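Database features (Swiss-Prot):
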type: REGION; residues: 1-276; note: region 'Pantoate--beta-alanine ligase'
type: ACT_SITE; residues: His36; note: active site, proton donor
type: BINDING; residues: Gln61; note: beta-alanine binding site
type: BINDING; residues: Gln61, Gln156; note: (R)-pantoate binding site
type: REGION; residues: 277-510; note: region 'Cytidylate kinase'
Amino acid sequence: MKKVIIRKTEEIKNWRRNINSDINFIPTMGNLHNGHKTLISTAKNANSNVNLVSIFVNPLQFDNKSDLENYPKTIDNDIKISFENGADVIFIPSTEEIYPSDNKNITFLKAPLELSSSLCGLNRIGHFDGVCTVVYKLLNLIKPKNLYLGEKDWQQLLILKNLVLTKKLDVAIKSIPTQRDFDGIPLSSRNVHLSNNERKLIRFFSHELLVAKENFQQEKKINLKEIIQKLSAQKISIEYLEHLHPYTLQESKVEDNISILAGAIRCGETRLIDHVFLMKRSPIIAIDGPAGSGKSTVTQLIAKKLKLLYLDTGAMYRALSWLLIKENIDYKEEKKLQNILKDISIVFKSNTNSQQDVFINNYCVTEEIRSQEISSIVSKISSIKEVREFLVEEQRKIGESGGLVAEGRDIGTTVFPDAELKIFLTASIDERAKRRKSDKKSKDSQEIDLHKLKELIKKRDFEDSNREISPLIKANDAIEIITDGCSINEVVDKIIDLYNDKIPKETQIR
């Protein structure tokens, strides 16, 4: 489409009314750098939407008039950078256009205190109110499908997510990791003010945060006083340095798997922020649900897209069931069962088709465990206390370092109750029976009557939901997704969106 520059709010309204396309919106305050380039190009490469970049230096975000006047303004270069990196439209309103002096109906918003009273909010009184006010105004003018923001301003990102939620705005927030310069400091429009010596100080600050992150991975704890002493020894002026829960911005607790170490320092007249995320282990996605709800297919695709390990716990129970049949062992005989559990090895291996094969005691049983014979007994075997204890322990060993997506019936309640994202995937019995029938047909399995399949699924549901040990139930904090009428890709995309909303992009880099 033709490149467009718009400067008036009435013009942007008219343009919006006449364009029949979804919009990716990238709000900026100008003086664009490589971080902005990445934001714009990420939006451009994500979809076929129209990319709109706004350039507006919002006076409500500044502490004083001097700070506003000194903010770098490079509009001609900003226009060039925006178009070169994928912008289709640039909106460059004046202050009078956004905050007309004769308009008494401007909506001035307040940022939520629970998110704005710590970190930058301690000393920048009213700053986040200004952010909310201008972004809300721009969103109502532009009505975008997606809003692209950087994780460098993590607190601002949380506050804007809250704004979208509380105002019930129909826009999806997409974030990108903090972008860093060649020497490791976060890219910022204010970096142009730094002298060589001041840049060395911010580099030392950012380096110490990374050192703290590395130490945390080993020791699972952090020593704030020690970090502050190191920074103070370099005569670095610390505005704040805090270790907090990344989403509530309250003091981090021992049981938190993920936390944020965030700080702000002053170098001369320039104030700069940086942060790192601290994780005891990589994230875990737990997907539970009844038979035929699509768990296996969905989980495999999610694992592939997010580069996570796929832990098919159901296959582990099926593999054990297969072995008991092969060895002609009566699972009701406790001693024989205990003996065989001592010598069981279940391993997952990738095959040449980029799929996952299941091995039990060196037997590849990927296809065999999906037979109707196995399906008819696996629920009974999985309800045996010794079997569940053994396999749950094996699953937890696999998940000690995280970085996986697991599916089953008790993942979020028993195996990984501390998973970052819990999904309860379900569908009607009719839908699940149709899927099972189609699946069996595609694998050239023996034809099975649809009515019989429904009865088998009902029976399996009852057994799974009523077993004494680890019954199939939805975890209190699980998000239920009903998949009737949804394509596999729609379900996968929804779960990945939920994952991206809960897990910072910076922690997903592998």
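Glycine is treated like the rest: Cβ placed from N, Cα and C.
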Just the number: how many Å between the Cα atoms of Gln156 ((R)-pantoate binding site) and the residue listed as 'beta-alanine binding site'?
11
Rank the binding-site residues Gln61, Gln156 by how many other Cβ atoms lie within 10 Å of each Cβ and give me the one with the fewest.
Gln61
For the region 'Pantoate--beta-alanine ligase' (1-276), what is the mean per-residue pLDDT, to the nearest integer?
95
In whole Å, how far is His36 (active site, proton donor) from the residue listed as 'beta-alanine binding site' when you measure between their Cα atoms?
19
Cβ distance under 8 Å to His36 (active site, proton donor), same chain, sequence separation 6 or more: which residues?
Ile26, Thr28, Ile81, Asn85
DSSP says Gln156 ((R)-pantoate binding site), in three-state terms, is helix
